[in-house]
Amino acid sequence: MNIEKKPYASLDENESCDSKSQGQVIFPKPEDLQHLSDEEITALEKRLRRKIDLRLLPCMILIYIMNYLDRNAIGAARLGAFEEDLGLQGNEFQTAVSVLFVGYVLMQVPFNMLLNKIGKPASYLTACMIGWGVLCASTGAVHRFGALTAVRFLLGFVEAAFYPGAMATLSAWYVRKELGVRTAIFYSGSLISGAFSGLIAAGIIDGMNGVGGLLAWRWIFILEGSATVVIVFCCYWIIPDFPATTKWLTEEEHAIALWRMEVDAAGEQDWTTGDQQSLFHGFKLLLQDPKNWILIVVCYGAASAIAINSFFPTIVKSMGKDRITTLLLLHLLICWKRFWHTSLSIACALAGFIISASITGIGPRYFGAMIMLPGIYSGFNMSMVWTANTNFRSVSKRAAALAFNNALATICSIYGSFFVNAAMATIAIIASVALHFILKRANRKLELKEAEEEAAGRHLPGSGFRYLT
């Protein structure tokens, strides 16, 4: 690829579309786009982005809603004679909650490496969706603690494919400046799920207890799991695969989808073959990168309180309301640069924990919960975006990082079923500060190296790439 130098100008700033720049490096446009004018390429890129937005984001949000509904249905079922009917004693409920995350942790990296290898998110994610929908519905048929534990473990095993797989798909389509907003929109699915899970559970518990000879808690699992399976057949035909493997794009759309990702990664191709696309190549690169180990601490600290989801109905009920009012209050409760977004969000969650733990009044405790949830979700969301951005230059490494970091962060949900470790939020903030300065230093080194190479008349591969701090 012939590369010439010129000052940076983005496509939106009337840059000549004979080439596209990253930093000081110019990337000539692909052969399939040579016949298009500047205005036509700009319009093509906007049209592609709009097409992917309309097809990918709504489906991912809908699937995420069902993912969270199915996973956390056990929290709502607890208010519908769930423990009494199954004869759960001691900490058996907490064990049933936590065992899901054992399977979830074990399978995230293998599943995401497999997705990265086959490159077919539409088939892969919807197949997993059918699996967890069936398992969720099957929970409504269990009668003993052993059966409940087995189904919950398998549910986590299958659900492990979705979140890192969805993040890998988003990061394959959107450049770094676009990814943060799209990830936030995608992550809203979990909050929407939390907002409506209380309403759905309230309706089922109030209106379906005894229908078909089944207690209401069984209908929660059956209906939510069945709805997941039905939704699969709509999403399969809409979700795009990766840019290089999506068949319904035109040749021009294929070309610009791949080109813009290559430019954003300073010349690193986003889809390769052979060893670069192998199951273990990206994971090996990941383990050798010290920056990602700091990111793991950030992700772990940000995720340390997410297990509280399964206990939120119980927490709200402790304020002295009946079970239907509790579920409705739960519905109302949830309707409410990377470093700053991540650290400030985590600090907000920490403040909510302190308020809820130190004050006994219902009003202040409810307020603490209101600011706790946005902080938890926003902090973790931004930590995963930061993971994708920092590992952006190798698609296999990025897929491994998203799965590995999320898997290790999810470990806290295993013990989080018994207690919540709010102190990890402080550690996450400290790690965010450390990573911020490490990435700034790395960017300065890149600038100095490029200046030296340019002065010597040489081109440094990957010139122009900078970490987002």
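For all residues, glycine too, the Cβ spot is worked out from N, Cα and C.
Residues annotated as region 'Disordered' in TrEMBL: 1-22.
Panel annotation: around the transmembrane segment (52-69), residues 125, 129, 132-133, 159, 162-163, 166, 169-170, 173-174, 182, 185-190, 192-194, 196-197, 200, 224, 227-228, 231, 235, 238-240, 309 of the same chain, lying at least six beyond its termini, place a Cβ under 8 Å from a Cβ of the stretch. Residues or ranges marked as transmembrane segment by TrEMBL: 52-69 (among others).
Feature annotation from TrEMBL assigns domain 'Major facilitator superfamily (MFS) profile' to 56-469.
The transmembrane segment annotation in TrEMBL covers 93-115 (among others).
Note on the transmembrane segment (122-141): residues 63, 66-67, 70, 73-74, 111, 114-115, 148, 151-152, 154-155, 158-159, 161-162, 165-166, 169, 214, 217-222, 224-229, 231-232, 235-236, 239-241 of its chain, located 6 or more positions outside it, place their CB under 8 angstroms from a CB of the stretch. Taken from TrEMBL, the feature transmembrane segment applies to 122-141 (among others).
Annotation comment: TrEMBL describes 153-175 (among others) as transmembrane segment.
The feature transmembrane segment is assigned by TrEMBL to 184-205 (among others).
Annotated transmembrane segment per TrEMBL: 217-239 (among others), in sequence order.
Annotation source TrEMBL lists transmembrane segment at 293-312 (among others).
What TrEMBL lists as transmembrane segment is 339-359 (among others).
Annotated transmembrane segment per TrEMBL: 366-388 (among others), in sequence order.
Among the features that TrEMBL reports, transmembrane segment is placed at 408-439 (among others).
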Per Cβ pairs under 8 Å, the stretch of 93-115, 184-205, 217-239 packing most closely against the transmembrane segment (153-175) | 93-115
